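Colleague: Per TrEMBL, the feature domain 'tRNA methyltransferase TRMD/TRM10-type' maps to 1-224. The S-adenosyl-L-methionine binding site annotation in TrEMBL covers Gly112, Ile132, Gly133, Asp134, Tyr135, Val136, Leu137.
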Amino acid sequence: MHITVVTLFPELVAAVGESGMPRVAIGTGALTVDTVSPRDFAVNRHRTVDDRPFGGGPGMLMIPETLAAAITEARRRAPGARVVLMSPQGRRLDRAAVQAFSETAGLILVCGRYEGIDQRVIDAMVDEQVSIGDYVLSGGELGAMVVIDAVARRLPGVLGDAASVEQDSFEEALLDHPHYTRPDNWRGQGVPPVLTSGDHRAIDDWRERQRLRATADARPDLFYQRGLDDRARALLTAEWLHSAATNV
């Protein structure tokens with residue numbers, strides 16, 4: 001898979017390929033990442049890429065001609081790639097979006113700066129807009145790096161254990177359960193006895209209860225995406241009854 005990032009700060013994006021799963025994906029040949037800078041297509045000696053917005057207002061906007069030229073170059077490098085603008089106006093990035101991105105021929109991730117980009121470029125050249133959360137960043141580069149990391153994990157052969165993908169938080173629309181490793185006693189804190197019991201069914205039940213509890217506490221909205229089967233309902237009810245009894 002090929003990803004091109006359209007950015008005024010290619011040095012920021014370069015860091016994503018130096019560690020973690022993106023580095024593994026690049027090393028195995030499953031992923032290639034490069035950048036295109038709109039500044040390389042500036043037409044004056046000052047290499048201007050921004051201008052004041054019509055109608056007034058604070059800040060500057062990325063001008064359409066240089067940005068459009070950069071996207072055109074990105075399309076030349078990756079024919080058929082989906083053009084995605086990192087934008088707070090976009091739909092929230094979630095596991096379904098990541099899965100869909102990982103199955104495309106390629107991605108062109110467009111990173112805005114300043115107050116944003118000219119709407120005409122969005123209308124003419126962008127396939128969709130994606131947001132990583134309801135907060136303001138200096139630009140789209142951090143969001144693009146999130147997309148690259150999340151997509152890299154889903155490419156074939158990147159994770160050594162395929163089960164790691166399936167068991168990641170959100171892959172089943174539930175948060176993760178707590179994890180423990182050696183030593184079994186750290187600063188006076190032990191490990192839940194069930195994890196050292198050797199009873200795999202009991203361990204599975206405990207982990208599922210913890211996932212349900214974490215999701216109910218922090219992200220109950222995820223239950224609407226997943227739904228609950230009979231086993232999950234029974235485990236969640238048992239966990240709620242246990243919690244209620246211990247708090248009496």
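Quick reminder: no glycine exception, Cβ is built from N, Cα and C everywhere.
What does the local environment look like for each feature on the list?
Modeller: Taken residue by residue with DSSP, Gly112 (S-adenosyl-L-methionine binding site) is part of neither helix nor strand, so it is coil.
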Colleague: Roughly how wide, in whole Å, is the group Gly112, Ile132, Gly133, Asp134, Tyr135, Val136, Leu137 that binds S-adenosyl-L-methionine, by largest Cα to Cα distance?
Modeller: 16
Colleague: Taking 10 A as the limit, how many CB atoms besides its own sit near the CB of Ile132 (S-adenosyl-L-methionine binding site)?
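Modeller: Ile132 (S-adenosyl-L-methionine binding site) is surrounded by 19 other Cβ atoms within 10 Å.
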Colleague: Fewest other Cβ atoms within 10 Å: which of the binding-site residues Gly112, Gly133 wins that one? Let me know.
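Modeller: Each of the binding-site residues Gly112, Gly133 was scored by Cβ atoms within 10 Å; lowest is Gly133.
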Colleague: Would you find the one among the binding-site residues Asp134, Tyr135, Val136, Leu137 whose Cβ has the most company, meaning other Cβ atoms within 10 Å?
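Modeller: The residue with the densest Cβ neighbourhood is Leu137.
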